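Remarks on the structure that follows.
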Amino acid sequence: MSSKRISLTQYLVEQQREHGHIPGQLRLLIEVVARACKRIAIQVNKGELGDVLGTAGSENVQGEVQKKLDIIANEVLIEANEWGGHLAAMGSEEMDSIHVVPNRYPQGEYLLLFDPLDGSSNIDVNVSIGTIFSVLRKVNNQRGISEEDFLQPGKQQAAAGYCIYGPQTTLVLTVGDGVAMFTLDREQGSWVLTQENVQIPADTKEFAINMSNMRHWDAPVKRYIDECLAGKEGPRGKDFNMRWIASMVADVHRILTRGGIFMYPWDKREPEKAGKLRLMYEANPMGFLVEQAGGMVTNGRQRILDLQPTKLHERVAVVLGSKNEVERVTCYHLEADKQA
Ligand code: P6P
């Protein structure tokens, strides 16, 4: 890392100069989202001192109880992105249908999806949470934007990232040329480049999964976890450690920082659902970041970024992180399918 730290804006300008993947509207979009994340961080950090904790007394389209901060974060992102002329529409975990930029503003060429506050069950207990976002290009050029315009495979993302509200407030971003991390300098109020060319080690001794669901898992997942738990004496010949923060942003940040495997597999509790996590604004953006950092991301069988979405709030099983471990889990699924 060069001794002189540079700002997010300088990074984006220099990346455009070197690689040309950040045209003006996309740079504006990223800077607006980054500014919105600063505003969300301020609300999150208030805790009991602000009227931001607890539930909002409503449910979202997922049937989940909405926390006050879920709604605050959603409103901050909507309001920040409406007027700039860089976006045609937005989709959010907290909104049933897409939000088209109002006619009083010019429409841009991008579509923005977000989980405004991921890990809501951790808000009231002061554990890291985050904002996840995904950027797609508008594919048709008529004014009428519909949900169908959002249904693009994750490999078509123009950019993706998250902001983690933890001991540090860190923005993690990719535009397709690797992964960079920016730490919020609260004295300056600016995002400062603190890591670039993030690389996930191909091997790991750390897995992240909600073990309380073990009895509901499919055989390949049970096989993989049992082998990890068998440790040195088992088929893996090494001991494993386990982490589960129940904020995808925090688990993925750990994996981008030191490696690991994260799994939220399909399970028998709601067999009609492909998984718990959402494809468009959780798995796809995290998948883009993890692949750009040399990791691997599947639904147990297929590369997630290749999946063709069929609806905005579609769910998916997720296995992501250190390449050799994700490959192993995916092989176990494919072997089981062959035997079946
Ligand atoms: P569980 C948070 O609600 C979330 O969507 C992800 O951030 C997290 O990884 C997962 O769900 C936690 O789920 O079932 O362990 O509470």
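For all residues, glycine too, the Cβ spot is worked out from N, Cα and C.
Taken from TrEMBL, the feature Mg(2+) 1 binding site covers Glu93, Asp115, Leu117. Annotation comment: TrEMBL describes Asp115, Asp118, Glu282 as Mg(2+) 2 binding site. Positions annotated as substrate binding site by TrEMBL: Asp118, Gly119, Ser120, Ser121, Asn210, Lys276. Residues or ranges marked as domain 'Fructose-1-6-bisphosphatase class I N-terminal' by TrEMBL: 7-196. The domain 'Fructose-1-6-bisphosphatase class 1 C-terminal' annotation in TrEMBL covers 200-332.
A Cβ distance below 6 Å to any atom of ligand 1 is met by none of the binding-site residues Glu93, Asp115, Leu117. Under DSSP, residues within the domain 'Fructose-1-6-bisphosphatase class 1 C-terminal' (200-332) fall into helix, strand and coil as 59 helix, 23 strand, 51 coil. In the three-state DSSP reading, Ser120 (substrate binding site) counts as helix. With a cut-off of 8 Å between CB atoms and residues at least 6 apart in sequence, the same chain places Trp244, Ala246, Tyr264 near Asn210 (substrate binding site), listed in sequence order. According to DSSP, Glu93 (Mg(2+) 1 binding site) is assigned to coil rather than to any helix or strand. DSSP gives Asp115 (Mg(2+) 1 binding site) a strand state. For the substrate site, the Cβ centre of Asp118, Gly119, Ser120, Ser121, Asn210, Lys276 serves as reference, and the other residues of the chain with Cβ at most 8 Å from it are Asn122, Ala246, Ser247, Met248. Here the Cβ of Lys276 (substrate binding site) has 19 other Cβ atoms within 10 Å, regardless of which shown protein chain they belong to. Taking the domain 'Fructose-1-6-bisphosphatase class I N-terminal' (7-196) as a whole, pLDDT averages 95 in the prediction.
Other than the site residues Asp115, Asp118, Glu282, same-chain residues with C-beta atoms no more than 8 angstroms from the centre of those residues' C-beta atoms, the Mg(2+) 2 site, are Glu93, Phe114, Gly119, Gly130, Ile132, Tyr162, Met248, Val249, Leu277, Arg278, Tyr281. Leu117 (Mg(2+) 1 binding site) sits 11 Å from Glu282 (Mg(2+) 2 binding site), taking the CA atoms of both as reference points.
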